[in-house]
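According to TrEMBL, the features are:
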type	residues	note
BINDING	ASP264, SER265, ASN397, LYS398, CYS399, ASP400	GTP binding site
BINDING	THR295	Mg(2+) binding site
COMPBIAS	30-39	compositional bias 'Basic and acidic residues'
REGION	1-39	region 'Disordered'
Amino acid sequence: MGFNPSPSDPFIELMRPPPDETPAQTTARQKRELDAQRVSDKIDEEIKQERLLAKKEKNIIKVLLLGQSESGKSTTLKNFRMRYAQAAWEKERDGWRSVVQLNIVRSIITILGVVDAEMNGEVLESEDEEEGGMTGDAHETVKFSDKHQMLMIRLAPLRGVEAELKRRLGAGTEPIQPSLPMTATPFDDPADNLGLRRTAPEFSVRSWKEVLDPGDRLPQLQNAGGDSDSVTLTIAGCKDDMKILWDDKMVRLALKRRKLRLPDSAGFFLNDLERIATRGYTVSDNDIVRARLRTVGIQEHRLKFQHGPWDNPKQVGKESGWEWRIFDVGGCRTSRAAWLPFFDNVNVIIFLSPVSVFDQRLEEDPRVNRLEDSIILWTSICSSKLLAKTQLILFLNKCDLLRRKLKRGIKVNIYLPSYGDRPNEVIPVVKYFREKFKDIQKQYSPQHRSAYIYPTTVTDTEATAITLESVRDGVLRENLATSQLI
Ligand SMILES: Nc1nc2c(ncn2[C@@H]2O[C@H](COP(=O)(O)OP(=O)(O)OP(=O)(O)O)[C@@H](O)[C@H]2O)c(=O)[nH]1
Ligand SMILES: [Mg+2]
């Protein structure tokens, strides 16, 4: 569309050709007008496209999952995908088999390390009391016998399996700094000084997509873990010995003495060996949600939501529903610098704070209490001017582990004196954390806003489905209201 002034427009006079124009001048003028028209049409087209895009972008919601490492960000993303991106979820199912197998093998290798250390006489100097005194059996002498020696020999092939699984999953991964124990580490624990409970560095991925849905990019992963795969065969062959090792009383005692609480740690599957360490193992939804693969860098996942009761199709356009672009980040301290560029135009932050970690320290910096780290992060997110208009959603996660910990008698007020003499039970503890996080949000937000706070156990997919529905409706409602103001 060119510039087409009306006859009364003063511009007509200005643009009218001179009365004594020669034929050559007329041709040149017409050429110039044509060129100008082309440029103008191009600009018009660009503006039209930009407007279309802007209209479309109104239906895009950018969601950031934030929180320290092991807070449950990727697990939350898995819940979203399981529920709202079923086709992609199914496509990746088989890819998770290798991850679950690696999780199992690593647990067994951790146990073998403990048995080895005990056999070699690396005895703890002090048996301190994590939870108000050790129970009687922890003081029993740990005695390993020929049986354990044999188990060590028979399970040795699992080291090769670990290497092979790492190689397979290796594409798109990078090592991270060595981690401290996989489980709770109470402060001033002398076992730390002996370095006995350290485990090998955790495995991480830069891109799920490459590892779990290799297509033809990673031929070595196709059919990996199938019935006749060497890794699966070796694991199935070791099943009985793994079970004997895990069920062994002395092994349990040794783990307890070293406060290695495997069932509470990431990627624990040893109670499912009968089902998983088999040739025909098929990966369940629950396995995927519980499998542990550390995130490095930022991964983007897209979800489509069709129109629902939360919006009005007339107002958001008939052609599409809402698209959520969810960004899952690595949570350890060294990964956090990469978060900043993603703060731009972010609509929603789902922040995960694990509430069970009040007595633990950061893997990457053992001087720092994990809950304290989470509170510092939350405070900086709430006070960020860049995020002043971002909707904040807080998951107080790992409530199941909190419950277990409190049941074992670990006292919150030892680690948080401000908790005072409130009851050492889940509901009051979660309420206390809720108030604490809410107060910070109110105090530090640059402008008025409310935060939605949910107590969660994101490995419980049924309960999480209800939470996610509420999150989805709340987010869409709020964004619809905002987009109507634009
Ligand atoms: N018991 C229990 N385990 C959980 C819960 N949430 C997450 N997990 C487990 O904790 C481990 C870590 O969870 P991830 O989702 O990988 O943690 P992340 O925040 O993505 O961690 P990074 O990728 O290192 O930043 C996984 O093995 C999960 O299955 C929970 O509410 N309860
Ligand atoms: Mg992650």
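Placement of Cβ uses the backbone N, Cα and C atoms for every residue, glycine included.
Annotations in TrEMBL come from automatic prediction, not curation.
Here the features listed in TrEMBL are painted onto the structure.
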{"residue": "ASP264", "record": "GTP binding site", "DSSP (3 states)": "helix"}
{"residue": "THR295", "record": "Mg(2+) binding site", "DSSP (3 states)": "strand"}
{"residue": "ASN397", "record": "GTP binding site", "DSSP (3 states)": "strand"}
Counting every protein chain shown, other Cβ atoms within 10 Å of the Cβ of THR295 (Mg(2+) binding site) number 22
Around CYS399 (GTP binding site), which residues of its chain at least 6 apart sit with Cβ under 8 Å of its Cβ?
VAL355, SER356, VAL426, VAL430, PRO455, THR456, THR457
Expressed to the nearest Å, what is the distance separating ASN397 (GTP binding site) and THR295 (Mg(2+) binding site) at their Cα atoms?
18
Could you state the whole-number distance in Å separating the C-alpha atoms of SER265 (GTP binding site) and the residue listed as 'Mg(2+) binding site'?
16
Looking at the binding-site residues SER265, ASN397, which sits with the largest number of other Cβ atoms within 10 Å of its Cβ?
ASN397
State the Cα to Cα distance, in Å, between ASP264 (GTP binding site) and THR295 (Mg(2+) binding site), rounded to an integer.
20
For ligand 2, which among the binding-site residues ASP264, SER265, THR295, ASN397, LYS398, CYS399 have a CB under 6 Å from it?
THR295
Taking only same-chain residues 6+ apart in sequence, whose CB is under 8 Å from that of LYS398 (GTP binding site), what do you get?
GLY72, PRO354, VAL355, SER356, VAL357, THR457
Find the longest CA to CA distance in the recorded GTP-binding set ASP264, SER265, ASN397, LYS398, CYS399, ASP400; express it in Å as a whole number.
14
On the DSSP side of things, how many residues of the compositional bias 'Basic and acidic residues' (30-39) fall into helix, strand and coil, could you say?
10 helix, 0 strand, 0 coil
If I take the alpha carbons of the residue listed as 'Mg(2+) binding site' and ASP400 (GTP binding site), what is the distance between them in whole Å?
23
